[in-house]
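Report on the following structure.
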Amino acid sequence: MPSSVTALQAATSTTDSRNLAGTTGTWNREGWIKGFETARSETSYEVKDVKEGSIPTDIRGTLFRNGHAKFDVNGLEIAHPFDGDGMISALTFQDGRAFFRNRFVETEGYKREQKSQKIEYRGTFGTQKPGGWLANIFDMRRKNVANTNVIFWGNRLLALWEGGLPHLMDPITLQTLGESRLANVLKRNQNLCAHPRYDPTTDRYVFFSTDPDPRKTKITLYEFDRDFKLVAERSENLQGFSLLHDMVITPSYYVFFKAPLDLQPLPWLLGRTGVASCIRFQDDQPAVAYLIPRNNPSRPMVEIPVDPHFSFHFSNAFDDSSTGEVVVDIIRVPKLYLTDTKGVTGDPIWRSVDYERDVPKSTLWRYRLNPAQATHTKAELWDVYCDFPSIPASRTGQPYRYTYLAAGRDPTLPTPVGVVAKFDVECGRLVDSWRAEPQEFISETVVVPRQGHGKRGEGLEDEGYLMTYVFNGETSLSQVLIFDMQKLGKGPVARLQLDSNIPLSLHGTWAPEAVYDGEEILRKFTLFTGLKKFEKVESGMAPIFEF
């Protein structure tokens, strides 16, 4: 396989270089920093300013996104974006029109800090309460920031954060209804993953929960049908401390990769740092791939030592019937990077980090795991900095051809993502890409099937659209770009200008079932917002729903 950098540079000679990741490009640092300014408003409106093209009439449903969107409390900045309160944004499409709304997830911690107007909780990633270590020592309370992902399943909208329970939201008004225990399956103090996986072959959603400590990590898998009825459950213990952000599934296995990490929590307990700064990457120890059988609880879990690395995200996995192997495509990082710089520099990480020097280069790799022999092989598919892989929901756990990535602008160095890339995992080559301007910064792309081409795989694998939020550092406003999956390099078929600044967000989902009348959206959102003005901000225990 030729070098991906070489292939990118070769492609540049025959295609408009502006639309390719292969041309070394600049990025505007000050514009990127503005992407971490607190969202200025919670609002709803019809998006009428379409800068390019027009909204395709065969898009019907809602794009939901979640991400950190509050980076200060009464002017006092947090240390890291991952400690920021989550905000759901929603864009509903119907008949060539689009209706936008956004609202913060009003967790118990969010409401308490809104009332007191000061930082009340220590953040996992370094945020400290004012008053130095004496104000933070032995304070181990966790604030559920609900900022990582959002899913729409069984006509329920859930905001997810892997350190606590999910929050149930109204999909029209985005009102926070309270924490959810998923049909009474979860305990009050349990956490739930932020990266569940939809299985198109069984029409189930697969979740996992972890209970980590320095010696072992208990992991529990749950499979729910569309009524949130629990149809499968399995628990296993992994040796040592684990930080498990994502998983993948095949018809046969739940798949996890555990990085070689060690937790030494004393500085956190003494109020000196966030707990993430107490995690150490052990590059002299192997990572471990775990294959947990799905359909036969009597079959033991398979452990396969692999090279030391860390990963936040997977692209996909599938069973290779011809070899008996499990094929796993993963965004591999050579080491873990979770740092707290505010305690050293006084600045939050988005202003102190040297991105190209400090951020490890994450790239796309393929692992082939042999469960019978507990062996593996691996190969780097693409050596360009990338993350946030997306595939059609219909291909989850199945052999597939394309993954869609948010990539850096430089073929050799890590940079904030500004390229939408279509990569062929069968051939190991970049197929097409589009590149943003230096002041524009993209988010994860979400695959949107054409109307009538649903989750079960109707139509071609790359028949449909990609959507991504783009933050413009010059205007401090956001846009939503829609691409034809088969014509990515030609640029967006529609560029929707929002009147809102949506900070650089994390993950989202496409919900074809979430179709609502646009006027109803605006009316209900406005009504709920008006009612809130007559209510006092409460900081008591949030309600917990059985579902």
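Yeah, the Cβs are placed from backbone N, Cα and C, and that goes for glycine too.
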TrEMBL annotation of region 'Disordered' - which of the ranges 1-23, 47-69, 93-115, 208-230 it falls on:
1-23
When the number of other CB atoms within 10 A of each residue's CB is tallied over all shown chains, which of the binding-site residues His245, His507 has the maximum?
His507
Cβ atoms other than its own within 10 Å of the Cβ of His195 (Fe cation binding site), all chains, total 20
